[in-house]
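Q: Before we start, here is the structure in question, set down as structure tokens.
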Amino acid sequence: MTRFISNAVMTGFFSGIAITIILSQLGGLTGFESEASSHLTRPIDLLFHLGQIHWPSLLTGLATMAIIFLLACTRLKNYALIIALLGVSAVVSLVGLESVQLVGDRYNIAATTVDGDVQNAKRKWLAWQPVRIDFWVTFSQFLGTIMFNFNTFDAFLNLGWIGQDLLIWVPDMVGSIFFQISGTLAVFEICHRWWCWRSRNIDWWITIINFVGCVAFLISAFLAYIRPDPIFDNLALWSTAFTLIGAVCFFVGAYLMWPEMAREESA
């Protein structure tokens, strides 16, 4: 599939995604939440409100990006993202920049008590709630993400076909299985059974599209098994194609969460 797509189209595709992400995160980077509805008008609105920029947040974000760019030119380029993320976060915590907004602070998390009063819920990074199906949805996806991280870093090693199967393919396959469990349980949670058709429900579309993406990733992992003498030709091509399909599904599912959040805010 990928050989029929020109390099310019693929480059433009990923560049468009990157630009969209950058424009959508201007509020978190600068501390100024523009009321403009369009990603294109928010930067313009920001220019007229430079006095409302939260400089500690902006400098923190710029420092993170600078570290990533600088480390990309060194031998630590493979670890630039994680070093920048953990390093700058540690500095912010040690210096005591309490005015720099945390990720969890961007969401108004509330809980309803027995008597009906609404109060701010105490945030927890970890919890064990096995009686909730949404817990297993997130927990299985969390485990799958960890396996994919092992898979990513092991891919930098120079391995033979046995080593590639053990250190790259096995984590990839296990992570894909965890993702498939997460996607299947999410369908059960939204439908209250194993399948339903709710084409007018945006939550249903998000869940189903992500489920299709999980299936694509699982097929991709299955096809990525390495043998000294491949059974079929072009397995790597098909594996890459299904990886692309899964990534597109996850991107569309993530994009649909924006109108979903807007609907909840207006409700």
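Heads up, the Cβ atoms here are built off N, Cα and C, so glycines get one too.
Automatic, uncurated: that is what TrEMBL annotation is.
What TrEMBL records for 2-93 is domain 'SLC26A/SulP transporter'. Positions annotated as transmembrane segment by TrEMBL: 12-32, 52-72, 79-97, 166-190, 202-226, 238-258.
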Q: Taking residues 6+ outside the transmembrane segment (202-226), which of them lie with a CB under 8 Å of any CB in it?
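A: Tertiary neighbours of the transmembrane segment (202-226) are 161, 164-165, 169, 172-173, 175-177, 179-180, 182-184, 186-187, 189-191, 196, 235-236, 238-243, 245-250, 252-253, 256-257, 259-260, 263.
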Q: What counts of helix, strand and coil residues does DSSP assign across the domain 'SLC26A/SulP transporter' (2-93)?
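A: Computed counts for the domain 'SLC26A/SulP transporter' (2-93) are 70 helix, 0 strand, 22 coil.
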